Amino acid sequence: MAERAALEELVRLQGEHVRELKQQKASAEQIEEEVSKLLKLKAQLGPDEGKHKFVLKTPKGTRDYNPRQMAVREKVFDIIISCFKRHGAEVIDTPVFELKETLTGKYGEDSKLIYDLKDQGGELLSLRYDLTVPFARYLAMNKLTNIKRYHIAKVYRRDNPAMTRGRYREFYQCDFDIAGQFDPMIPDAECLKIMCEILNSLQIGDFLVKVNDRRILDGMFAICGVPDSKFRTICSSVDKLDKVSWEEVKNEMVGEKGLAPEVADRIGDYVQQHGGVSLVEQLLQDPKLSQNKQALEGLGDLKLLFEYLTLFGIADKISFDLSLARGLDYYTGVIYEAVLLQTAAQAGEEPLGVGSVAAGGRYDGLVGMFDPKGRKVPCVGLSIGVERIFSIVEQRLEALEEKVRTTETQVLVASAQKKLLEERLKLVSELWDAGIKAELLYKKNPKLLNQLQYCEEAGIPLVAIIGEQELKDGVIKLRSVASREEVDVRREDLVKEIKRRTSQPLCIC
């Protein structure tokens, strides 16, 4: 090691000597001779096996967001948050990691996807898998029995994600939940209304919201002959029907999970049905299903839910789908999932789903799991799949080749002549103090053309131009970048005029 260190020092000194010769403009022969010595020393040093080549990349299942992508995200978040607030929600936040025991046993087969943190000799911790379980812990810990809240934050899953389809190991969830004892299906209907409002506002395409009820599923499993111990594992198989065929799901149930083939066939007769309130009424008359207490309760609630959805004007967006299972263990009642539809290729064909963009349901027992006395707080909520939505919006903007503004600057303060930096600084400060989003170029004497080009590139709509004549007249020349029209505005009226010209409604692009 000492020999190598000495050799490295010789290489360093010889390298400096070569650089000095080049700076002194020594003869080419002399420089060539010394470079040759340097190369021989480096050859003696050999390949540096000890040094690890550092790879610059983000961890698997994560990504950076550039300014353009962040501008899209912020607009999506604004639309979602304004809807949550319109429905009277408060906002909370919880830690990014929880005690491991808080998360254990809440997610069924998905529990294997929880990120456990390395034991630091204290508490055993895990990164949060979703925002629902931390919310239930928050309610129990603070002895809350009534709240309507939203929470937007990152969650973590040790998954093998398909990032091209908007699936990641670190991603945002946007949750809205109503906790409290209320009359049946009123909060549930509002959650579905919120889901439809947000998806309509985002204008990402036609969608369908599938609904079902865990009590109907459990009742159906019972009458089909599924053993109680297999309810949850068979439920997670049924949940795959939106991705794979019934034959594949049946093979998993029978081959991997040990279900009798005739039991699987009976399940198949039910889970391949979907429709509207007429299917609910049909199943209420089903000789076997109507004899099961749980299923009967679920069907009764769904019938009531469809009445409220009709009053909210969204019943045409809802489909009662018996294959919807939602794999999470904590759901106890109504469950729902919104999928985007792609237009059918041929007339008469059913539209095909191209991915879930929102989901949720009722979970009346989760808070009781954390309460020392087991006191239950009924809850219902929804989660918007924002990562999937970001991917869709980004793809759409790229396809349309639309320019996305990455700043909100309303005006650039510019000068038409030299030696006006002080005046530009004074004016931009006045605008900032008045709440105007303004910029100036960081040069003493920028050319007017360069200032106007900067506005075009950044999408800044207005330029406030200061010139010697304008200073004498007490006016500012306000130029529209798009139309190139210029008007003189009195300095005291400038703020009002900029606000008038730049007030615009929120949109994605």
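FYI, residue positions are counted from 1 along the chain as it appears here.
Just so you know, glycine gets a Cβ as well, placed from its N, Cα and C.
Keep in mind that what you see is a predicted model, and the values were worked out from it rather than measured.
Record features (TrEMBL):
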type    : residues                                                               : note
BINDING : Asp130, Leu131, Thr132, Arg157, Gln173, Asp177, Arg326, Tyr330, Tyr331 : L-histidine binding site
COILED  : 14-41                                                                  : coiled coil
COILED  : 390-417                                                                : coiled coil
DOMAIN  : 3-59                                                                   : domain 'WHEP-TRS'
DOMAIN  : 37-393                                                                 : domain 'Aminoacyl-transfer RNA synthetases class-II family profile'
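Highest Cβ count within 10 Å among the binding-site residues Asp130, Thr132, Arg326: Thr132. Less than 8 angstroms from the CB of Tyr331 (L-histidine binding site) sit Arg214, Gly361, Arg362, Tyr363, each of them six or more residues away in the same chain. Residue environment of Gln173 (L-histidine binding site) contains 19 other Cβ atoms, counted within 10 Å of its Cβ in all protein chains. Secondary structure of the domain 'WHEP-TRS' (3-59), assigned with DSSP and counted as helix (H, G, I), strand (E, B) and coil, comes to 39 helix, 0 strand, 18 coil. Mean model confidence of the coiled coil (390-417) amounts to 89 (pLDDT, 0 to 100 scale). Here the binding residues for L-histidine are Asp130, Leu131, Thr132, Arg157, Gln173, Asp177, Arg326, Tyr330, Tyr331. Their largest Cα to Cα distance works out to 21 Å.
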